[in-house]
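As recorded in TrEMBL:
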type	residues	note
TRANSMEM	133-155	transmembrane segment
DOMAIN	137-424	domain 'Sugar phosphate transporter'
TRANSMEM	167-187	transmembrane segment
TRANSMEM	199-226	transmembrane segment
TRANSMEM	238-257	transmembrane segment
TRANSMEM	277-297	transmembrane segment
TRANSMEM	309-329	transmembrane segment
TRANSMEM	411-428	transmembrane segment
Amino acid sequence: MAASATAAVVGSAFALGFNVVGPRSVSIEASGVRNSIKPVAAVTQPAWRSPSQITAKLPALRSSFLARSSVARALEFNPLLQSSSLKNVSGVNVRRNVGSTVCMASASDSSGDDPAEVAKEKKEEAQGFLAKYPALVTGFFFFAWYFLNVIFNIMNKKIYNYFPYPYFVSAIHLAVGVVYCLISWMLGYPKRAPIDKELFMMLIPVSICHALGHVMTNVSFAAVAVSFTHTIKALEPFFSAAASQFVLGQSISLPLWLSLTPIVLGVSMASMTELSFNWKGFISAMTANVAFTYRNIYSKKAMTGMDSTNLYAYISIISLALCIPPAIIIEGPALLNSGFSDAITKVGMQKFLSDLFWVGMFYHLYNQLANNTLERVAPLTHAVGNVLKRVFVIGFSIVVFGNKISTQTGIGTAIAIGGVALYSFIKARQEEAKIAKKAA
């Protein structure tokens with residue numbers, strides 16, 4: 001734009017310097033029709049006709065040029081365009097008897113707009129699109145949440161097939177996420193929310209439960225099939241209801257208790273005939289259920305005005321600090337002795353490091369998207385989405401790894417998932433009723 005503006009100014013200056021001593025005859029070709037225009041009145045000859053004088057005037061001319069709209073620029077530097085006979089003419093070729101001057105002006109006023117204003121308009125247009133199609137945006141959040149969750153579970157299990165060290169891998173998950181958060185804060189996306197000592201102390205029990213649940217889930221993943229771990233984790237609503245009733249003293253309705261029956265029954269059926277069953281995988285998954293239940297309880301006590309992205313970032317940082325010591329104590333000697341070398345021998349250094357990085361990235365992003373999705377939808381919608389997510393993970397893991405399951409295990413898993421759906425539906429309805437009652 002600056003180059004075009006300078007060219008136009010130089011062209012106009014030379015036109016005035018060498019072609020304005022008197023009237024000129026002009027021939028104009030417009031849309032294929034040759035018209036004859038009366039001579040234009042003489043233009044007052046400027047006092048700065050020498051090249052040095054013209055050069056000295058260029059900065060002022062350029063500023064004046066950019067301050068006008070495109071139409072005003074064209075009319076100022078080509079007085080012939082003001083002629084009424086040239087209105088509504090699509091193309092004009094002006095030929096002068098003495099010399100020829102080409103003045104090019106942008107067809108849009110945006111050429112002279114402030115870049116900041118242009119960026120602001122584009123941002124507003126994008127926001128308008130998102131506001132116009134909220135269902136499309138929410139659908140994208142759900143799709144990304146499911147996709148990243150499935151990819152994480154599959155890649156995580158593949159890593160454990162050649163590198164069975166869940167404590168170390170759990171720490172890597174959190175470490176990659178923490179680095180991602182720190183880089184995001186440095187770039188200002190999002191802007192880091194300040195944290196004080198009071199909030200930090202409130203997040204410690206949340207982070208302890210988060211770290212314990214995360215590590216125990218990975219211990220179960222390493223010990224048994226992914227589908228079986230997720231079937232056991234379907235019992236989490238049962239532990240949540242029990243903790244609410246007997247720890248927090250909250251009254252749980254009879255329909256909610258009854259909806260837990262098929263969950264317990266289904267998990268029991270699936271466990272009895274699961275081909276990959278072992279007590280280490282089962283107990284660690286049950287421990288994860290208890291840990292995540294208490295994480296939710298402490299999270300409610302630590303409710304703040306901080307956005308979910310910053311809150312999850314702080315929880316990840318504290319959880320990482322808690323996960324590093326047990327990883328070093330429990331698995332450190334074995335890792336240094338043969339763990340790292342065996343893994344590198346099996347898949348190579350590049351793939352080993354790449355797998356650890358991407359599994360950590362997928363873990364962080366799917367958890368972050370789960371929190372972002374929860375902010376966008378009603379409790380019932382999120383509850384149904386969470387149930388469907390578990391179905392997707394179980395189904396894809398069975399297909400990808402070719403896990404053989406008995407008929408009883410399949411039926412038990414289906415009953416457990418159905419019970420989770422029923423519980424989530426009743427629970428979400430009750431939450432929505434409470435919100436409506438408070439708003440009334």
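Just so you know, glycine gets a Cβ as well, placed from its N, Cα and C.
Nobody curates TrEMBL annotations by hand; they come from automatic prediction.
The model shown is predicted, which means the values in this text are computed figures rather than measured ones.
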Quiz item: Apart from its near flanks, which chain residues at least 6 from the ends of the transmembrane segment (277-297) lie with a Cβ under 8 angstroms of it?
Solution: 205-206, 209-210, 212-214, 216-217, 219-220, 223-224, 228-229, 232-233, 235-236, 238-240, 243-244, 247-248, 271
Self-check item: Long-range neighbours of the transmembrane segment (238-257), counting only residues six or more past its ends (CB under 8 A)
Solution: 263-264, 289-290, 293-294, 296-297, 423, 426-427, 430
Self-check item: Predicted model, mean pLDDT over the domain 'Sugar phosphate transporter' (137-424)
Solution: 86
Practice problem: Go through 133-155, 199-226, 309-329 and flag the stretch with the largest number of C-beta pairs under 8 Å relative to the transmembrane segment (167-187). | Solution: 309-329
